[in-house]
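Asker: Here you go, one structure.
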């Protein structure tokens, strides 16, 4: 197996992009990554695109061919990858494996979602849950994560204020991210007084409905410096599955897919949680920021809330979490999220993150899950 490097990244602004089409968003991200990498479209051997539900959001399937055609990249092989909200992370992993195996040399891995072209995106999002046991019974993702939050509060004493701090820190970071959907700060009081969605989760505990796209260019590590002076190396790419339905979990305060993917990633990279300088976690709801730092091994079980409350997860803390603003404030266009996380880590390791830069960052991690944790992808990168 060959070592793999990231030589180019790009991300559109995330938000309610009414005047930008699905086709133009993904083309903007792809061409931006190609330019950043210093390659030509003709250099690309293959494309992998993460997308959860274009068929429901924009009534368009067969998007792999559509994107290659619209971007002027035909006839390269183009493959759509779907794993709910982890679609981007698995598209990245597919591209990494294609290069590592020697099957392709230069690959683009991208992600895109256009969520605002429907009146109500909830039915499309609900397809990421168990249809028979959850969606058809009226269960929504806010209510599922609310149950996880309530149980964590019961088991470990996690407080409402600690949940709010996840959002506060994300917005603090996003205020320095020009690509973020919500680049403004919020207070604990604002989070706790926002509209109730599913007790104990309020509106400002929840990631938004977003449009956006992101892309990365991958190549063999020994070729990377032919294109860039600042390659970022893939140290590990791991994926795990878990139960899709929440009621099947042995413990709803732990996402087993995250635990297993992280364990495999650390083993592959020959690293420990203490070696990580920053991490982009999948905080679709505030409780998942807390669960993520526990399941990834950064703190002991039950200590996640305290880590946010004490400032451990701030940019200048022991383990900076979501310098981009995370899903909560940067935005969460489902299929693009896993790629956008990787782009942020690359910018951080290059020292190109501006006011949100983690000082001296050498090693970064991304954590991307689907649904309530039926799928997890964990990647580790280094300078």
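Positions of Cβ are set from backbone N, Cα and C atoms, glycine also.
Okay, so Swiss-Prot annotates it like this:
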- 85: active site, acyl-thioester intermediate (ACT_SITE)
- 332: active site, proton acceptor (ACT_SITE)
- 206, 207, 209, 328: CoA binding site (BINDING)
Asker: For the residue listed as 'active site, acyl-thioester intermediate', which of these recorded positions sit within 10 Å, Cα to Cα: 206, 207, 209, 328, 332?
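Answerer: Those near the residue listed as 'active site, acyl-thioester intermediate' - Cα within 10 Å - are 332, in sequence order.
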Asker: With an 8 Å cut-off on Cβ distance to the 206, 207, 209, 328 Cβ center, who else from the chain surrounds the CoA site?
Answerer: 208, 210, 284, 285, 327, 331, 332
Asker: Measure between the Cα atoms of every pair in 206, 207, 209, 328, the residues the record assigns to CoA, and report the largest value in Å, rounded to a whole number.
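Answerer: Pairwise Cα check on 206, 207, 209, 328 gives a maximum of 10 Å.
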Asker: Within a 10 Å radius of its Cβ, which of these recorded positions (328, 332) has the fewest neighbouring Cβ atoms?
Answerer: 332
Asker: Sequence gap of 6 or more, C-beta under 8 Å: which same-chain residues meet both conditions with respect to residue 206 (CoA binding site)?
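Answerer: Counting only residues 6 or more apart in sequence, the Cβ neighbours of residue 206 (CoA binding site) under 8 Å are 142, 197, 284, 285, 286, 328.
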Asker: Cα of residue 207 (CoA binding site) to Cα of the residue listed as 'active site, proton acceptor': how many Å, rounded?
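Answerer: About 6 Å separates the two Cα atoms.
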Asker: With every protein chain in view, what's the tally of Cβ atoms within 10 Å of the Cβ of residue 209 (CoA binding site), excluding that atom itself?
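Answerer: Total other Cβ atoms inside 10 Å, all chains included: 20.
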Asker: Which of the three DSSP-derived classes (helix, strand, coil) applies to residue 206 (CoA binding site)?
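Answerer: In the DSSP reduction, residue 206 (CoA binding site) maps to strand.
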